[in-house]
């Protein structure tokens with residue numbers, strides 16, 4: 001009796017150990033397929049791309065591929081088109097994010113009030129989000145086309161244009177084309193996320209404030225805004241990064257033209273890789289963009305830290 | 001109702017109406033031009049609706065152009081991507097939802113990072129990697145690339161759906177002798193079906209819209225997806241506006257169908273990582 005129980009005690013810890021091992025492996029087994037795919041299709045090319053930045057990689061030139069050190073970066077520092085693309089990226093991102101956020105917030109506030117037919121209204125105003133970006137770009141390019149679209153004639157009738165021409169071929173105005181398309185396409189994103197945050201605000205807060213005599217503007221400032229602030233901060237910061245990399249609309253509508261006036265860094269990278277097949281130079285620009293985005297993210301983290309410390 | 005609140009209500013409805021008009025007008029114009037016969041296209045350029053409607057452009061696009069092939073290719077690519085991603089993402093989303101393990105933090109960090117960095121910088125190296133494998137100019141290559149791009153976002157989305165299902169269910173099943181995987185397959189997955197449908201919808205829409213990698217990786221007409229075909233059509237026949245817009249309307253259909261399917265889950269989808277906005 002005593003003997004068997006002592007062997008039992010010796011054997012028993014073994015099984016839980018195996019089980020524990022299997023249990024410890026289990027989450028890794030579930031996530032392995034996704035991780036392997038991400039690693040091979042995203043991390044390996046990322047590393048490869050970083051190496052191209054220091055090599056001469058041109059698809060059309062079979063003798064290319066050699067290590068050339070910092071040559072690409074030297075060329076880049078002289079490249080006026082690149083500096084223009086950097087300025088354009090700021091303008092494109094700033095205007096798009098601001099307008100999308102502004103109109104998205106108003107839309108969210110409008111939809112937060114219950115009314116008859118809200119469901120269908122919501123579905124209709126959010127529809128642009130589902131329109132594929134290439135079609136958004138083409139659609140707006142056609143609207144801006146004086147032959148087929150109404151916009152140039154309307155803008156001319158309003159006195160905003162001297163003649164009903166295509167703003168996409170006007171160097172001064174071309175950037176507005178992709179920006180308007182981007183705003184049209186992106187308003188739903190802000191409206192949806194802000195609406196979700198609005199609906200999470202407890203209703204009795206507003207009632208209490210109204211009883212205490214707070215007007216609508218005061219209620220907005222001291223209840224709505226503070227509740228929305230975290231959502232606003234996160235969505236605006238993430239969207240800024242996303243939109244600064246968002247080249248589809250520009251590629252479709254203007255291809256960076258006229259005279260590089262709508263070229264942003266992301267579309268410049270794509271043009272270098274796709275049109276000129278100069279993968280080395282494209283990768284060098286990518287690396288600079290990556291560093292800039294890292295700096296931006298670090299600034300956000302720092303900002304967050306100082307805000308947290310202050311509280 | 002006082003006069004003031006009447007005015008406010010009317011202003012509110014008008015503002016909503018303005019948004020609806022702004023949202024729908026470009027799509028309306030797309031439809032309008034695609035239905036306008038060629039002889040009226042220029043003479044009635046800015047009229048809101050043509051005096052005569054014809055389906056000739058649609059008939060031509062469906063019968064005499066390569067768009068049916070592009071449409072089929074896009075369906076294959078977007079459909080396969082949606083299925084592959086949803087399978088992978090339900091596994092990894094389940095791991096993130098149900099297990100506390102050491103690498104979890106790093107997995108989440110990695111997946112978040114992939115949502116942030118510019119995918120356009122991968123265009124060149126991915127082309128270089130896929131070309132010796134014979135995966136450029138192939139639908140399989142596109143499916144692999146799109147799957148990888150969409151897995152992180154879909155993982156977060158599936159995780160949020162799993163988080164909404166109580167853990168007691170698996171615990172009860174395990175007491176009855178089931179392994180965790182059996183419990184996952186037979187109890188949790190069936191309960192997540194609406195979430196799975198939403199994930200399929202989101203990934204399908206994203207893969208259907210993708211442009212840059214398709215442009216880079218596909219060169220021939222045989223493997224061209226809809227965006228590639230439409231853009232090459234636009235640059236070749238840039239005066240056939242009616243046909244281009246008829247093709248555009250066709251590209252819109254699947255996206256709209258899936259949009260109305262996933263509408264209820266938009267908030268969850270957009271907060272889960274926002275792959276396409």
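Every residue, even glycine, has its Cβ placed from backbone N, Cα and C.
TrEMBL has this to say about the protein:
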type	residues	note
DOMAIN	A:86-300	domain 'ABC transmembrane type-1'
TRANSMEM	A:28-54	transmembrane segment
TRANSMEM	A:90-111	transmembrane segment
TRANSMEM	A:123-144	transmembrane segment
TRANSMEM	A:183-202	transmembrane segment
TRANSMEM	A:223-243	transmembrane segment
TRANSMEM	A:279-303	transmembrane segment
Top stretch by Cβ pairs under 8 Å to the transmembrane segment (A:279-303) (candidates A:28-54, A:90-111, A:223-243) is A:28-54
Give the nonlocal contacts of the transmembrane segment (A:123-144) in its own chain as ranges (CB under 8 Å, at least six residues past its ends). 107, 111, 150-152, 166-168, 177-178, 180-181, 184-189, 191-192, 248-253
Comparing A:28-54, A:90-111, A:223-243 for Cβ pairs under 8 Å with the transmembrane segment (A:183-202), the winner is A:90-111
Mind checking which residues of the chain, 6+ beyond the ends of the transmembrane segment (A:223-243), have their Cβ under 8 Å from one of its Cβ atoms? 92-93, 96-97, 100-101, 105, 109, 182, 186, 189-190, 193-194, 196-198, 200-201, 205-206, 209, 293, 296-297, 300
